[in-house]
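Undergrad: The following feature annotations were taken from TrEMBL:
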DOMAIN    19-302  domain 'Sugar phosphate transporter'
TRANSMEM  21-38  transmembrane segment
TRANSMEM  44-65  transmembrane segment
TRANSMEM  80-100  transmembrane segment
TRANSMEM  112-130  transmembrane segment
TRANSMEM  137-156  transmembrane segment
TRANSMEM  162-180  transmembrane segment
TRANSMEM  192-213  transmembrane segment
TRANSMEM  225-250  transmembrane segment
TRANSMEM  257-278  transmembrane segment
TRANSMEM  284-305  transmembrane segment
Amino acid sequence: MSAKTSQETAEHSGQVKFLSAAFYAGSSFLITVVNKTVLTSYRFPSYMCLGIGQMITTLVVLYAAKMNKSVQFQDFDRSILLKIFPLPLLYVGNHITGLASTKKLSLPMFTVLRKFTILMTMILEIYILRKTFPKRLVYSIVAIVFGAMVAASSDLAFDVEAYTFILLNDAFTAASSVYTKKKLGMEGLGKYGVLFYNALIIIIPTLLASAFTGDLHQAATFKDWVEATFIFCFFVSCIMGFVLMYSIVLCSYYNSALTTTVVGAIKNVAVAYIGIFVGGDYLFSWTNFLGLTICMSGGLAYTYLTFNTKPSTSNAEGAQELKIHITEDRTRTH
C-alpha cells in the first residue's frame with residue numbers, strides 16, 4: 001500500500017517466498033504419508049469422509065481465530081458467493097479426486113502422475129493469464145512429463161480408475177492454483193477468507209453426497225474407531241488438511257501459481273523415493289525406476305531454473321507485469 005510497505009516487502013520477499021514454499025512442501029509431504037496410512041494401512045473405506053473431517057477442522061480453527069481477533073476476513077453475505085466462485089467447485093473436485101487417487105495408487109506412482117499438474121498449470125497460465133516462459137523451463141517440463149510417462153508405462157499395478165482419478169486431480173489442482181492466485185487479491189477475502197468460505201460452501205453438498213452414496217454409513221460403521229492409533233492418525237489427517245490448504249494459499253500469495261505447483265514437484269522427490277521402501281505397495285521394475293529418476297531430475301532442473309532465472313531474466317519482465325496486474329499481488333521484488 002505505502003512506499004514503506006512496498007520496500008519492506010521487497011527486502012524480505014526472497015526469504016518469505018522460500019519459507020512459504022518450504023512450508024507447503026513439508027505440509028504436502030506429511031499429509032500424503034498420513035492419508036496413505038489412514039486409507040491404505042487401516043483400510044478406512046471413505047476418502048470423502050476424511051475430506052469432510054479436514055473441512056470441519058478448517059472451519060473450526062478459522063472461526064475460533066476470527067472470534068479471538070487473531071485473523072480477519074469478511075463476514076458472510078451474498079457477495080461472497082460471486083467473489084469466490086468457481087473455487088469451491090475446483091476445491092471439492094481436487095479434494096475428492098486427490099484422496100481417491102491416494103487410496104488407489106502406490107506412493108511413487110501417485111507422485112509421478114502428479115507431475116502432469118505442472119504441464120496443466122503452465123497451459124492454463126499461457127491461455128488464461130497470457131504468460132510466457134523461457135525455452136529452458138519448457139524443456140525441463142518436457143523432461144518431467146517424459147519421465148512420468150516412462151514410469152507410468154511400466155506400472156505393474158496399472159489401474160484405469162486410479163489413473164483417471166489422478167489425472168482429474170491434476171486438472172483440478174492446476175485450475176485451483178490459477179484461480180486461487182486471482183481470488184487472493186479480491187477485497188474482503190484474503191488468505192483466510194478464501195480458506196474459510198471454500199470449506200463452508202463445500203461441506204454441505206459433500207455431506208449430502210457422502211450420505212446419498214452410503215459413504216457416510218461405511219465410515220460410521222468402520223471397525224477401527226475403537227483403535228487409539230487409528231483415531232490419532234485420523235485426527236492428524238484432519239489437522240494436516242487444514243495446514244495443507246493454508247500452506248497452499250500462503251505459497252500462492254507470495255509466489256505464482258506455477259511456482260506453487262513446482263514446490264509440489266520438489267516434495268515429490270522425497271516422497272517418491274521414500275515410497276519405494278515405505279508403504280509396501282510399490283512393485284519394483286527398472287523401467288519404472290528409470291522413469292522416476294528422469295522425472296525427478298527434470299523436477300529439480302525446473303525448480304532451479306524457476307528460482308534462479310526470475311531475478312535476472314530481462315525478457316520475463318513483461319510476463320511479471322502481467323502476473324502482477326491480473327493477481328493484484330502486493331509483492332514486488334524487482
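Using the three backbone atoms N, Cα and C, a Cβ is placed for every residue, glycine included.
TrEMBL entries are annotated by machine, without manual review.
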Undergrad: Near the transmembrane segment (225-250), which same-chain residues lie under 8 Å Cβ to Cβ, leaving out any that are not at least 6 residues past its ends?
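TA: The answer is 20, 23-24, 26-28, 30-31, 34-35, 37-38, 42, 44, 50-51, 53-58, 61, 177, 180, 184, 191, 194-195, 198-199, 260.
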Undergrad: Establish whether the number of Cβ pairs under 8 Å between the transmembrane segment (162-180) and the transmembrane segment (112-130) reaches at least three, counting only pairs separated by 6 or more residues.
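TA: In contact, yes.
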Undergrad: Sequence-remote contacts (6 or more beyond its ends) of the transmembrane segment (44-65), Cβ cut-off under 8 Å?
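TA: Same-chain contacts beyond the flanks: 35, 38, 71, 73, 95-96, 99-100, 102-103, 192, 195-196, 199-200, 202-203, 206-207, 209-210, 213, 215-216, 218-219, 222, 224, 230, 234, 237-242, 245.
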Undergrad: Apart from its near flanks, which chain residues at least 6 from the ends of the transmembrane segment (137-156) lie with a Cβ under 8 angstroms of it?
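TA: Non-local partners: 108-109, 112-113, 115-116, 118-119, 122, 163, 265, 283, 285, 287-299, 301-302, 305-306, 309.
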